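As written in TrEMBL, here are the features:
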TRANSMEM  B:20-38  transmembrane segment
TRANSMEM  B:59-87  transmembrane segment
TRANSMEM  B:132-156  transmembrane segment
TRANSMEM  B:163-181  transmembrane segment
TRANSMEM  B:211-228  transmembrane segment
TRANSMEM  B:260-279  transmembrane segment
TRANSMEM  B:299-323  transmembrane segment
TRANSMEM  B:335-352  transmembrane segment
């Protein structure tokens, strides 16, 4: 029995399984919390990247995560998106979706989108094609081979183009965009997936002040409709968008609160802000 | 905006494709006429040698398209595609062997000569069914396809990529070569399968049959090209190119990358198998040297020389390199491998988009925007 189940799961992973695929029910947030990370530990060759990390994100919240290099911010995102499996702990998306049992595409399908630190748009594809690749819908090869986008998907793409203000760049190759525009396109690709939770890694690194301001507006406009988790070093930027800030240090949560509370916390000052 | 259905865009908008299809149509119609309608000695007569040579190039071109699909578009550098080509060839060869009947040297009505020679009493189980053309034709597709599915499923699921994948594809074709060299395998050992007489009841050496095989190769090349072009123009094609450019990114936006790679790889293997099946009756022999690792590497060179990621570039490369090979191996055979090596170095260093990239540079108003920048 177990062998059959394992075989079927493997089959579905590689071949995609149409109607039979166990599409995970999207995170049930009836308790107001969309992400539960509890006692997560990850170690690489003895180095504890995450050490009993416990963190909750509320539905519709915009949360900033700060912390010195090596505090475990990226590893935490890797765990949430299924790239890294923790040695211990649990990770739930809403009350019903156990992230640790899902593969990366299944997690994306369940409604968690991630923006990487470096802009990783598809440079050879146009802006439009980038959004088309990302837009929510069936993503098995038989669908993408046989049928063009439906009307709802087209509308969604137009909506996103407007939000990220790249309408007039739609036919441009993404590789030709400026750094800031690439970052927005990438956020747009996340939005096109209609995620419940967005993970955004250092969105304003390397941006001009105008671009930073525009990005802050963009992220603020998303909160409420989506839950957003932003990892960022730029304290001015964090101050301009965050209501709640979590400070990570050596793989666990050091402090949590408003930006003022956190900045005045002596432990935080010692490890991070005081440097 | 890309609202039109891919089928409409198959023929439109790309000059390379239009030129290729026009050439293929011209050659596919003109060559048989020149061969059959004009008597030998006439200036317009095409010899059966040239005819067969062109048919052979067409099967190579189909093989090159198959490699371009996985390498140029999906980023999988397969150095084992000659194995799928040879398997398709063996499936066809087995059918042709069964057609010999009592005309073999030993005159056994069922057993091919080499089995009689090895003192075998009955036909091995895997030779059954190959007396029927439809069964052999099915096997031409099924055997390479299934091998590619099994191999790809193991390799892609374990996320073997890049140079490691290339190495195990070399190992695959090398292992098959060693296996097929053994007499016990039941595929004629190092002599392979040859001495064919009939195909579908027609004498395999008759001019009419030669023409039919030539036309079949041209049709297969045309259809294979259009199928690949359909794939690359569909949304799936853009997903496949996204996988080539940023695999893990594609996985994160919700695509089952392994599944895409697997199906593209299997489809490509089937095309290679069909090419092999058309190759064997035209050259009259299939033996284990077709599995040589160097053969698979040569295909990759054809594609690189022509220009990968364009399909028509692969065709151009296959024809150019093989024409050069035919010419050089006839005149200065000892220099051919050096010439091939030099060609590859020059193309890699100076022509990252191959000869079609060069042609585009000189003639086109807009550069080949989609071609891979190496």
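A Cβ is built for glycine as well, from the same backbone N, Cα and C atoms used for every other residue.
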Could you tell me what the rest of the chain brings near the transmembrane segment (B:59-87), counting residues at least six beyond its ends with Cβ under 8 Å?
143-144, 147-148, 162-163, 165-167, 169-173, 176, 180, 217, 220-221, 224-225, 228, 231-232, 237, 240-241, 243-245, 247, 260-261, 264-265, 267-276, 278-279, 282, 286, 288, 290-293, 295-300, 302-303, 306, 308-311, 313-315, 317-319, 322, 372
Who are the long-range neighbours of the transmembrane segment (B:20-38) in its own chain, taking Cβ under 8 Å and residues 6 or more past its ends?
11, 44-48, 51, 54, 207-208, 210-211, 214-215, 218-219, 221-222, 225, 312, 315-316
Thinking of Cβ pairs under 8 Å, which stretch from B:163-181, B:211-228, B:299-323, B:335-352 has the most of them with the transmembrane segment (B:260-279)?
B:211-228
